[in-house]
Every structure is written in structure tokens, then in C-alpha cells.
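Chemist: For reference, the structure I am asking about is given below.
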Amino acid sequence: MAIKTYQAGVKEYRQTYWQPDYVPLDTDILACFKITPQSGVDREEAAAAVAAESSCGTWTTVWTDLLTDLDYYKGRAYRIEDVPGDDARFYAFVAYPIDLFEEGSVVNVFTSLVGNVFGFKAIRALRLEDVRFPIAYVKTCGGPPSGIQVERDKMNKYGRPLLGCTIKPKLGLSAKNYGRAVYECLRGSLDFTKDDENINSQPFMRWRDRFEFVQEATLKAEAETGERKGHYLNVTAPTPEEMYKRAEFAKEIGAPIIMHDYLAGGLCANAGLANWCRNNGMLLHVHRAMHAVLDRNPHHGIHFRVLTKILRLSGGDHLHTGTVVGKLEGDRASTLGWIDLLRESFVPEDRSRGIFFDQDWGSMPGAFAVASGGIHVWHMPALVAIFGDDSVLQFGGGTLGHPWGNAAGAHANRVALEACVQARNEGRQIEKEGREILTAAAQHSPELKIAMETWKEIKFEFDTVDKLDIAHK
């Protein structure tokens, strides 16, 4: 039997952490990094350094390596690939044994995978492109508190996307006027209205006042329309204790859904709130405020598809995903990829959509994809085609900006939505025939006709910053 001996000193990372013959186990957590190495650092050494610094390695040999089974616990860089059209960077694939991570803790996973390694001097830039969570790890996570089907049953809404609106202006309204805006939107045929992500409890509108006026508006709209309605009450707060206090009050007054800013509020807080919602029968809408700080730079940070997976694991029934056609970043292929990761039970590897690994979610429920940001009635055909039924189409300015007011804007969006869904169900190509479909519907809806006239020239035609690397070929 060979005796382990300790040899002090510094050695190349590749000697321990580069293992090209390794075959990943079904239980391994797999990561794909895009690495920009410093000048003079070769690919194998850079990949091995990332594997080491994101698992159990450090800059020098330590004698305590002899007290554990380093060969079992270490991360392994097992494959390197070229980035299409980019000679300065490469993809490194790293496998981590599942026992490196606390069960059900996306916080712990992120602490390793996107921790100190992102400040490592040997790496000029580093981006986490994708992560494969094995089913053995998925089953330790709570996931969405309710999921798509349970929410549809609670709200009694089937066969179409849900329709929402973010109340504007996002800041400055009093609680009473805010409630009035909510009522007008909901009675105009919307399913949901929403707090903006930065509405918490400011001097112009304290949270308790907002909750009370909004719930009064919601119940009044329900009574008048005969439909279930809801408003996403943002319970994001300075402390977890205050967050739960607000959530409890929302439950007491009968609100069906609350909201959380999962990145700004923190993954730990989000997982805790998701558990609370599951135990208390509440729906949880999740906003992605702060995501672009992490994901928009194509060379450094965390890709949004990873943030999508993290949200599904930690818990949320809705997640904002971009629109493709609106004012926010997101190309079509990438967006379709992370929408599937949010909703489907199994998503196969598909490099054309930026998906590097098969992802099996087992029986974990899916979450609604939320399209929000600079959208109006002219976008409806494309939104229905891109997002499908299991989505929330959320028009803020595209509702409240209607010349005849909030209720008319809401009604215009509902007519446009139902016209597009009906046309799709009849087998029509709604993106190609969108103008014809909307024009026909507008003949019976003056609200839609005015909305189409108001926003006919509004487009957001800017180049996408974070493009799929496949598109660089």
C-alpha cells in the first residue's frame, strides 16, 4: 500500500485538477465556464485553476490534504472547447462531486462556483455559462411553491397566457391613488397587476397602506367581473423578519400572491420565502432586478440561464425573462432556451439555444415565464408565439399609457390577446398575420383600435449585447 507523503511547495494546477480522461458521474454537478486567461497562461492551466479555486484547491500544497480524500472531493476540469469566432477565450467544463455542496442550498453552490474564483488573478475574465444540476441534487431543493398547474387551478384561468400590468409611475403615487390604478386595470380585464421592483415602503406610500388599498381594489374588481384577480404585493424588505411580517399581513387580508426581488433580496431570503409560500398556500412572483449587473457582460459574470435554474431550485412561481421584442436585452434563441429551463421537466442540450447540458427536473413543478418591459398591443402576436400559454404577458406603459385610461388599456390588451390565441388555435401563423388579426379584432373594439394607433410607430430596434456565441461564427 502506497504511503501518502507531504511535499511542500507550489505546483501547477494542471497536475491535480486537469483530468481530460474523466467521465462525469450522473451525480456530479457540471459547470461550463467561459475563460479569458491572462497572457502567458495556457488553456489547461487556466481551466485547472478554475476547477481548483472553485472547489477545494488553494495556491500552495497544504499538509491537511493528507487528512482527506482530495482525489474524491476535488473539482475536475475535464474538457476544453473553442468559443466560436473568439480566439481569446475558451470553454472549460468542470465536474464537481455532489458531496461538495449542502443539500438544497443554491447559496452554497454559488459560493463555490461564482465565489473567489471570479477574482483570481490568473484569469482576466470568467463567465459561468451553464450548470447541470443532477436529479439527486434537484430533489433536495424546494422548487416553485405552487407551480403552473396549481396556480391555474387557484386562479381558474386556462388555455391562454395570463395578462398583467405593472403600475406606473413606479414611484411617487399615494396608496389611495395606487389602489385606484390597480382597480381600473383589473376591472378592464387584466388577471394581475404588479408592484414595481423598487416599491417597498417609502415615505410617499407605506407598505401596509398599499396592501390595504390594493386588496380592496382587487376584491371590488373580482366582484364586478366575476373573474379571479390578483396583485403582486412586493414584500421585499430591509430584513428577513420584516419581509415575513409583510407576507403574513398579505395572507391575513386575503391576497393570493406576493412578490420578491430574488437577487437584490438574496437567494437565502428567496428560498425561505418560497418555503413560507408553500406552507401558507400563497403564490410567489419573482422579479430579477439586478440581473443585468451579473449577466449582460458576455465575457464576465453569470449567464441568465444559470440564474433561471437557480430561481427554479430556490423557489418562485413566476420569473421575469425578458420579451425579445420589448425594451430589454434578450435574443430570441437564448430566451426560448431559458423559458424551457423554467417550465419543462426535461431540457436536452441544445447549443443553438445556448444550453450546454441536459437538465432533468424530475417532478419539480415549472414556473411561469413573465414577459415585461416596453411591450404594447402590436407585440401581442409575437409574444403569444414566443412564450406560449404558460406565461404572463405584462404591459405597464402599454396599459396605463392608453389615451382613454387604464381600463381601456387593459381591455385593449385582453381583446388583442384573445384574438391572437383564437387565431393560433385555428392554425394561423400569428406572427406573419399579426397585423391582419389585430386589425380585424379592432373593428369590434374601439379601445384596441386607439391603442394600435397610439403605438404603431414604437419599436425598440437595438442590437443585443449578449449574443449566443454560435451567432459569432
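The backbone N, Cα and C atoms fix where each Cβ goes, glycine too.
Given the structure is predicted, the values throughout are model-derived calculations rather than measurements.
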Chemist: If I go by Swiss-Prot, which of His231, His320, His411 binds substrate at the same site as Asn116, Thr166, Lys170, Arg288, Ser372?
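Modeler: For the substrate site that includes Asn116, Thr166, Lys170, Arg288, Ser372, Swiss-Prot also lists His320.
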Chemist: Are there residues of the same chain, six or more positions away from Asn116 (substrate binding site), whose CB falls under 8 angstroms from its CB, and which are they?
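Modeler: Residues satisfying the criterion: Glu53.
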Chemist: Name the secondary structure element type, per DSSP in three states, that contains Asn116 (substrate binding site).
Modeler: helix
Chemist: Given the recorded positions Thr166, Lys168, Lys170, Arg288, His320, state which is nearest to Lys194 (N6-carboxylysine) when distance is taken between Cα atoms.
Modeler: Thr166
Chemist: Please compare the binding-site residues Asp196, Glu197 by how many other CB atoms fall within 10 Å of each one's CB, and tell me which has the fewest.
Modeler: Asp196
Chemist: According to DSSP, which of helix, strand or coil covers Lys170 (substrate binding site)?
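Modeler: DSSP assigns Lys170 (substrate binding site) to coil.
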